[in-house]
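Working notes, structure below.
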């Protein structure tokens, strides 16, 4: 009887050859990470590093520029002093309250206008596609240019808005000369600038809703309004959360529109948080640390909004 000895690494059919494709597959595993390196490098250089530096600045008394040869410009560690000082900083508190008020008014109005436009312009026809493009166009324009345009439209004596109002017997409205009217003008201009972009997000959400729901509701005799409140709105909840967070972030960061439309006036009626941070850093000596602390507060607010949006999105999955 003959014994068959099978050596390790072989079989009765012969040794197992190593597939040639394995080495290539293992080598290709690193390619995705290699291709990501430029993006990661840009992200670290222009986002992560400035963010960390900004947070560290909040713990120092310093100016925007540090000159090693000038001792008075060198940073001085002050711990939480910059944050504690915000509790008695009336300029910061007033601008924060005005910003929150602006967000509370402008964001819901923007959602309503954007959703209404999406419902009206969602049909997929060439005419509606053209109108959607026209409505979306303002979102591609710089807010500085939009502010200049609306400043002319809201002009007291030669503005187009007051001219149209005069045609129906309404006296000229001091849009940019009174505190309340200037804030209303800011809301109108901002909503006009943002509505087109958010309309497209809502249209994407509406397109994702299956037509079967509406067909079943129509067979049951459900009215259009009940279809909207019981089908459209509930299924648009994740989309609405995205629009809410994105709009809120943009509203908290509003600056260019303020500079070109009202300049923060009349007085300080439309001085919002970003403008206060800028003025603190660049208009006041050795206050860059205070401005960094103000920016940290804004960062925390925006992070909370982002966490809220993520929780809502995950809760609907």
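Using the three backbone atoms N, Cα and C, a Cβ is placed for every residue, glycine included.
Owing to the predicted nature of the structure, the values given are computational and were not obtained by experimental measurement.
In TrEMBL, the transmembrane segment annotation falls on 160-176 of the listed ranges 160-176, 262-278.
Contact check: the transmembrane segment (188-214) against the transmembrane segment (160-176) gives fewer than three Cβ pairs closer than 8 Å, residues 6 or more apart, which falls short of the contact criterion. For the transmembrane segment (288-308), the residues of the chain that approach it from at least six positions outside its boundaries are 51, 54-55, 57-64, 75, 78, 82-83, 85-86, 89, 92, 96, 241, 245, 248-249, 252, 273-274, 276-278, 280-281, judged by C-beta separation under 8 angstroms.
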